[in-house]
Amino acid sequence: ATTATSSPGVAAVAAVPAGKGGPVCRGDAGVVDCAQCLSTGSSRLTDKLLFAGAFSVGGAVVVEDQPDVSAVLSAYNQQGDPTLYEEYYSGLKHFIECSLDCHRAELSQLFYPLFVHMYLELVYNQHESEAKSFFERFHGDQECYYQDDLRVLSSLTKKEHMKGNETMLDFRTSKFVLRISRDSYQLLKRHLQEKQNNQIWNIVQEHLYIDIFDGMPRSKQQIDAMVGSLAGEAKREANKAKVFFGLLKEPEFDVPLDDEDEEGENEEGKPKKKKPKKDNVGSKSKKQDPNAPPQNRIPLPELKDSDKLDKVMNMKEAARRVRLGPECLPSICFYTFLNAYQGLTAVDITDDSSMIVGGFADSTVRVWSVTPKKLRSVKTAADLSLIDKESDDVLERIMDEKTASELKILYGHSGPVYGTSFSPDRNYLLSCSEDGTVRLWSLQTFTCLVGYKGHNYPVWDTQFSPYGYYFVSGGHDRVARLWATDHYQPLRIFAGHLADVTCTRFHPNSNYIATGSADRTIRLWDVLNGNCVRIFTGHKGPIHSLAFSPNGRFLATGATDGRVLLWDIGHGLMVGELKGHTDTIYALRFSRDGEILASGSMDNTVRLWDAVKAFEDLETDDFTTATGHINLPENSQDLLLGTYMTKSTPVVHLHFTRRNLLLAAGAYSSQ
């Protein structure tokens with residue numbers, strides 16, 4: 001077997017449009033989701049999904065050979081004297097602790113990856129007692145944010161354990177990335193060569209990727225902000241690609257004046273000529289944003305008449321929108337799910353705030369109307385044939401009054417529902433579940449239209465594109481998939497994360513998708529070609545929430561570490577850290593004009609942050625971008641505008657209405 005040469009971070013598979021011939025199956029070669037392999041319940045799947053690199057060949061998908069576990073582990077055969085490992089490690093530790101302050105912080109990054117690899121090398125070569133003593137002696141020195149990984153590591157005590165262990169495979173296939181200044185690196189290299197300490201030098205060369213930069217070494221604070229993910233930091237190269245973060249130009253159409261609305265139609269049944277309304281909201285995005293992608297970079301669905309009407313409604317609402325800011329905070333309306341014994345696992349609210357959906361652990365999806373207007377289904381085919389199709393109120397007549405109710409329950413999944421998402425036009429609803437499927441439901445008939453099968457494991461999140469038609473899903477198989485509602489196979493497969501993809505979000509211009517993962521990184525993917533264009537590291541726990549700012553320039557992320565991190569997408573930099581929550585952050589949302597960021601957490605609070613202040617005067621000069629010398633201001637307290645406690649309800653979803661009222665949702669927990 002060949003060992004992988006390319007990094008697993010950039011694997012992406014461009015799927016084939018229907019009718020171009022599906023993927024070629026090459027048995028063990030690591031083909032993505034080949035039907036023949038799947039039907040045999042192949043145990044190779046987990047290995048395949050970690051493939052090291054993929055490329056598209058004439059319309060068919062071929063994937064490079066995946067290094068199998070034994071090939072990966074064979075790197076451990078070149079072992080030193082097992083009894084000296086503790087000495088090697090403590091020698092290096094002594095050297096680093098005695099080095100100058102400016103180098104110590106940088107070189108201390110070596111402790112954790114070296115500890116892991118030396119321990120695994122001992123275990124692999126069956127020196128179990130030495131491994132145990134090595135682990136006990138040094139595991140306490142590791143940074144607190146690696147505790148969970150160390151717990152997994154401590155359970156690997158025999159060579160056999162290493163064979164089928166996924167975490168193990170990740171440590172092997174992905175080189176751990178350290179970012180170190182040239183001075184510190186020279187110091188380390190000189191030390192290891194003088195000491196003839198080949199064992200450690202071999203590990204550094206074999207398993208670590210040292211990203212060397214010219215310039216001042218970074219401080220402990222700067223390093224701590226950026227490290228903590230499963231594979232160390234991102235290489236600087238990973239965040240160099242150009243990203244079109246600007247917004248697409250809104251289609252132009254006239255907004256009728258309010259007094260004309262009631263005038264109806266003239267004699268031929270054609271709408272009246274509308275006087276263009278001088279409306280600053282409509283004209284806001286007439287100018288092409290210099291950072292926007294070309295309008296036709298990816299094909300987007302045409303606007304239907306109903307969409308145009310909705311846009312007009314949206315503009316009218318926007319004219320009445322409250323301008324938020326430190327002096328004018330939004331009111332918050334909290335939807336508490338009471339007696340949700342079926343375990344509330346997901347929530348979504350339509351853009352016009354008329355419907356709310358809950359996904360539950362008993363595998364149901366429940367849709368409520370939150371306006372006085374009840375939910376109605378379309379009449380049966382027999383009844384529809386009796387309707388006069390020319391009548392003005394035909395859209396009203398096709399609805400069956402007998403079916404009107406506040407709540408509709410959708411049955412179909414066979415496991416807990418972990419993600420839900422309404423389509424922008426409110427005609428469809430997506431849900432994803434532990435059963436490995438994503439389902440598309442019609443909100444006209446309240447029935448399931450399609451079940452999308454591609455993930456073989458639980459699907460943790462799904463979301464519609466802001467333009468409809470496309471949607472994304474992410475799951476336990478570590479892969480995110482891009483789908484279109486009318487294709488039953490994914491259009492793109494985004495592979496590169498080293499653990500579950502826990503949350504997914506579309507960029508407002510729909511050309512990019514952000515994914516958060518249990519490997520503690522956030523990746524930004526290009527929908528056009530499937531490439532990974534950004535890797536953000538810095539969270540110390542699995543990521544559970546993502547939110548793009550309305551202008552498309554920034555991304556906010558929340559994780560189990562209770563921190564909200566802010567990222568500048570264009571420069572690929574962390575630009576802020578909001579501390580305050582004491583538990584996992586499950587919900588993040590910017591207000592409609594981006595002045596306020598709301599965060600909701602398992603600590604039963606909603607917090608409001610001053611987004612304008614957080615993003616002003618950013619230092620994003622070339623030096624910072626090139627080296628990652630970020631200086632995060634310790635200003636969480638200045639940016640925090642308010643904290644709102646619920647009685648005992650963890651916050652799982654947040655939504656700003658078109659007029660900037662904040663809606664929050666969660667299930668009451670009677671602890």
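Backbone N, Cα and C define each Cβ position, glycine as well.
These features come from TrEMBL:
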type	residues	note
COMPBIAS	255-266	compositional bias 'Acidic residues'
COMPBIAS	278-289	compositional bias 'Basic and acidic residues'
DOMAIN	80-208	domain 'TFIID subunit TAF5 NTD2'
REGION	255-309	region 'Disordered'
REPEAT	337-378	repeat 'WD'
REPEAT	410-445	repeat 'WD'
REPEAT	452-483	repeat 'WD'
REPEAT	494-535	repeat 'WD'
REPEAT	536-569	repeat 'WD'
REPEAT	578-610	repeat 'WD'
Within the repeat 'WD' (452-483), residues counted as helix, strand or coil by DSSP: 0 helix, 19 strand, 13 coil
Helix-strand-coil residue split for the repeat 'WD' (494-535), DSSP-based: 0 helix, 24 strand, 18 coil
DSSP-derived helix, strand and coil totals, residue by residue, for the domain 'TFIID subunit TAF5 NTD2' (80-208): 101 helix, 7 strand, 21 coil
PLDDT averaged over every residue in the repeat 'WD' (452-483): 94
